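Q: According to TrEMBL, the protein has these features:
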type	residues	note
ACT_SITE	21	active site
ACT_SITE	69	active site, proton acceptor
BINDING	21, 208	Mg(2+) binding site
BINDING	22-26, 34, 38, 66-68, 70, 72, 189, 195-197	substrate binding site
Ligand code: FPP
């Protein structure tokens with residue numbers, strides 16, 4: 001039996017987050033440039049999005065470019081930005097056909113102008129789609145996001161709109177870029193690295209973490225289904241004891 005058949009569709013994670021890692025090593029293993037690894041990584045993104053739509057995952061968030069990735073060689077940064085623009089433009093129609101909404105989180109203003117414009121256009125075109133929300137984390141870091149949220153709250157307190165003692169988790173969550181999204185129940189990281197790398201730190205407080213040695217360009221929907229099957233075997237206690245759960 002394949003992994004898809006083993007999935008209990010009544011207990012799907014609503015939101016899956018992915019750190020797509022290993023493009024560079026995958027390319028190097030084949031004697032190719034790193035950019036080739038990123039291009040091949042796009043094929044994995046497409047397959048995983050289709051896999052999510054196929055089984056009914058409502059939110060998929062992929063870490064496409066971190067704040068720290070700006071420190072890579074300028075040629076690689078440029079290649080990634082070009083790839084982003086090409087992919088967004090090529091895929092908007094498919095997203096629309098499949099009722100997928102494109103969303104972006106991160107310091108979008110720091111991206112190249114063309115990227116901002118094409119991203120906004122694709123987001124506008126897909127804004128009313130309801131089957132699945134695909135979020136690209138771009139120029140994103142969780143520490144940046146948390147600081148921005150703290151600043152927004154400080155402004156509200158200063159303006160007398162809220163009292164400091166009123167601030168709670170819901171208030172704080174509402175200032176984050178993931179507003180209106182549930183927290184991810186499952187986070188997958190490829191390529192054998194066991195780190196969170198500044199991704200969704202607030203939102204992943206209770207997320208199940210799944211690590212695989214598979215490099216991102218080799219990751220396909222069957223690997224996604226395997227991760228979901230693994231997730232469904234876990235007991236999510238949220239600080240309680242086993243006997244309290246049922
Ligand atoms: C990590 O691999 C991957 C990235 C920093 C970029 C991910 C981007 C894509 C998959 C393509 C663009 C995506 C979209 C949605 C258009 P790495 O370069 O860190 O690999 P390494 O650890 O082996 O060097």
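Using the three backbone atoms N, Cα and C, a Cβ is placed for every residue, glycine included.
Quick caveat, the model's predicted, so the values are computed rather than measured.
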Q: Let me check the 10 A CB neighbour count of residue 38 (substrate binding site). How many other CB atoms are there?
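A: Taking all protein chains shown, residue 38 (substrate binding site) has 24 Cβ neighbours within 10 Å.
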Q: I need the nearest neighbour of residue 189 (substrate binding site) among the recorded positions 21, 69, 208, using C-alpha distances.
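A: Closest candidate to residue 189 (substrate binding site), judged by Cα separation, is 21.
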Q: Should residue 21 (active site) be counted as helix, strand, or coil on the basis of DSSP?
A: coil
Q: Please go through the recorded positions 21, 67, 208 one by one and keep those whose C-beta falls under 6 A from any atom of ligand 1; give the result in sequence order.
A: 21
Q: Hey, which of the binding-site residues 26, 70 is the loneliest by Cβ count within 10 Å?
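A: Lowest Cβ count within 10 Å among the binding-site residues (26, 70) is 70.
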Q: At 10 angstroms around each C-beta, which of the recorded positions 67, 69 has the fewest other C-beta atoms nearby?
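A: 69, out of the recorded positions 67, 69, has the fewest neighbouring Cβ atoms within 10 Å.
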Q: Are there residues of the same chain, six or more positions away from the residue listed as 'active site', whose CB falls under 8 angstroms from its CB, and which are they?
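A: The list for the residue listed as 'active site' reads 189, 190, 191, 193, 215, 216, given in order along the sequence.
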Q: Please identify, from the binding-site residues 22, 189, 208, the residue with the sparsest Cβ neighbourhood, meaning fewest other Cβ atoms within 10 angstroms.
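A: 208, out of the binding-site residues 22, 189, 208, has the fewest neighbouring Cβ atoms within 10 Å.
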Q: Which of the listed binding-site residues (24, 196) has the least company, meaning the fewest other Cβ atoms within 10 Å of its Cβ?
A: 196
